[in-house]
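Colleague: Have a look at this one.
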Amino acid sequence: MATVVSAGAPQKQHGEKHQDDGAKRTSDAPRVLRVFRATPFTYATLIVVSAILSTPLVFGVSIALSSDQTVSTNAFTIFPSEFRWENFTRVFGSDLPMGRFLVNSLIISVGSVIGQMVSSGLVGYAFARLRAPGKNVMFLVVIATMMIPTQITMIPQFILFKDLGWVNTYLPLIVPNFFSNAFNVFLVRQFVSRLPSELDEAAMVDGLGFFGIYRRIMLPMLWPVLIAIGIFTLTYNWGDFMGPLIYLNDESKMPLALGVQYITTTGVAGQPPPWNLVMVGSILLTLPMIAVYYLGQRYLYEMDISGGSAGVK
Amino acid sequence: MAMSRLRRREALWFYAFVSPWVIGFLVFLLGPMISSIYLSMTDWDSFTPPKWVGLDNYVKLLTEDPVFWKALGNTFHYAAISVPLGLLIGLWLANLLNKQVRGRKLFRTLIYLPTLVPLVAASMAFRVVLAPSGPLNDVLGWVGISGPQWLLDPGWVKYALILLSVWGAGSATVLLLAAMRGIPQELYEAAEIDGAGPVRQFWSITVPQLTPVIFFNLVMGLIAAFQVFSQVYILTPKASQPGTYNASQTTVPYLFDQAFSYYHMGYASAISWLLFAVILVFTLLAFRTTRRWVFYETEVK
């Protein structure tokens, strides 16, 4: 099959965008090594696997487009056989608070993202550049905290927020993000360490204070890592289920991730949940994540988290 | 003198800059951890004052609570299959995508897409996919297999959860594919000249070169799998329902139930420390055995 293609199979650079469908580059191409030759079997496997992995997605869309009768008789088809697009507007109608869920998700996620970006930037910069007694020990503590599972602190934190009267508000889900987290601090520190230090030294000579250096010199250069942190924080909080489940009881305060599950538990006894509307909710929950990934991809690659060996080497 | 004043100013700014982390560490981590140790040695319903019971909670968990052991066993079972299986499939797919395939980007996108679906949405989709007359059993029916009741069958529910986890093998695929592209081409060229076939090259070059990444993802994957919660909570019947035999109960949902359904705050805190111990032992064990099978390039001199 595609054996005419060029040589450039795996190379040091990540820039696979440029070499994807390598057919354009047949000139000066030595033959492809045998390991990199795609056989019909390669294609067959990839097609079958892609099809299997896509089935739940296609099925979900098909259910989202089903009529209420189809839901009550459980007569779904894998591929859409009816197209009730009105389901997508029905969820914003009076019978379901999906719009409210979406707004709640946005409030929680955006608040958390702002908190992490502001705090992790400051803390990470300080650990990378400023000198102070006790810094190294503190950084070891930062690293060590990454090993503590959240379940350890879950109950005392709940008690703390209950005593503060914050249960059934967004605050327990947003406020802790303003105090940075170890992984994000680590990312910023690594990022700043790779930046040339001449710039801030020059700024220092020019009489700029430490905060001025951070705000005027560092911050503009930190955007790639801050955006990556923003993406992680957004993804985590948008999809978080356990946090809202612990802290939010009112339907009107639930984010989409909890709300979608909630409406499957509250129907009339003996009736199946409105699966078509639940699936519309699931799609509304998923689409922003696909968009964020698509738009933010290059920042994630720039962070080189793609190699996945950040902490190991 | 001026220098030291500058130094002092720098140090003060350092403490100011890191103060968000310090406050967060004290208020949201260290304080709660200490309080959690204390709570784990009490009997407390969160309304009346806690009653000191010493190590009773731990003793009860380890010697008298069959549900805890069942939950722990299920968690191990789930982690021991889902994580290696996901990595193996990821390795296999990454190896295919690393070849000169046309439409690589499309395949990669289709394989990666499931990992972008939030767990709640994925659980919703799987609830219908795994229904007794759902599409999975339809497909199995075509090849003459009558599929199990998946989520409703105590013997199969764990495998249903494993299926959901393996659906996300795309994240391992993309990570391993990126790592594969970093393997020097010369290694394969040399092997080719020596007459090694593709399969031999895969096992003797690709896999050893990838072991650091595989290892890192194995450890992280196990830690995450030990803490599985949302899909278990959403997809499986509540443990209190008759006839479920706690077949799908895992550690964190059990902890959650104890804390927030039964208000056994002390007991739940003890569970969290045992979970921590398991994770810690596992992480240390994994790091201890690295030398034996992980290949780091720097070791070859």
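Indices start at 1 and increase along the chain as displayed.
Each Cβ is built from the backbone N, Cα and C atoms, and glycine gets one as well.
Predicted automatically and left uncurated, TrEMBL annotations should be read as such.
Reproduced below are the annotations present in TrEMBL:
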{"type": "COMPBIAS", "residues": "A:13-26", "note": "compositional bias 'Basic and acidic residues'"}
{"type": "DOMAIN", "residues": "A:102-296", "note": "domain 'ABC transmembrane type-1'"}
{"type": "REGION", "residues": "A:1-26", "note": "region 'Disordered'"}
{"type": "TRANSMEM", "residues": "A:41-65", "note": "transmembrane segment"}
{"type": "TRANSMEM", "residues": "A:101-125", "note": "transmembrane segment"}
{"type": "TRANSMEM", "residues": "A:137-158", "note": "transmembrane segment"}
{"type": "TRANSMEM", "residues": "A:170-188", "note": "transmembrane segment"}
{"type": "TRANSMEM", "residues": "A:221-239", "note": "transmembrane segment"}
{"type": "TRANSMEM", "residues": "A:275-296", "note": "transmembrane segment"}
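Show me how these features fit into the shown structure, please.
Modeller: Residues 1, 71, 76-85, 87-88, 275-276, 279-280, 282-283 of the same chain lie 6+ residues outside the transmembrane segment (A:41-65) yet bring a C-beta within less than 8 angstroms of a C-beta in it.
Only residues 6 or more beyond the boundaries of the transmembrane segment (A:137-158), in the same chain, are considered here, and those with a CB under 8 A from a CB of the stretch are 127, 167, 172, 176, 182-183, 185-186, 189, 246-247.
Sequence-remote contacts of a segment are chain residues at least 6 beyond its ends whose Cβ falls under 8 Å from one of its Cβ atoms, and for the transmembrane segment (A:170-188) they are 104, 107-108, 111-116, 118-125, 127-128, 142-143, 145-146, 157-158, 161, 164, 222, 225-226, 228-229, 232-233, 237, 240, 243-244, 246-248, 253, 303.
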Colleague: Should anything in the same chain at least six residues away from the transmembrane segment (A:221-239) have a Cβ under 8 Å from its Cβ atoms, list it; otherwise answer none.
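Modeller: Residues 105, 108-109, 112-113, 115-117, 120-121, 124-125, 173, 177, 183-184, 187-188, 191-192, 195, 199, 255-257, 285, 288-289, 292-293, 296, 299-300, 302-303, 305.
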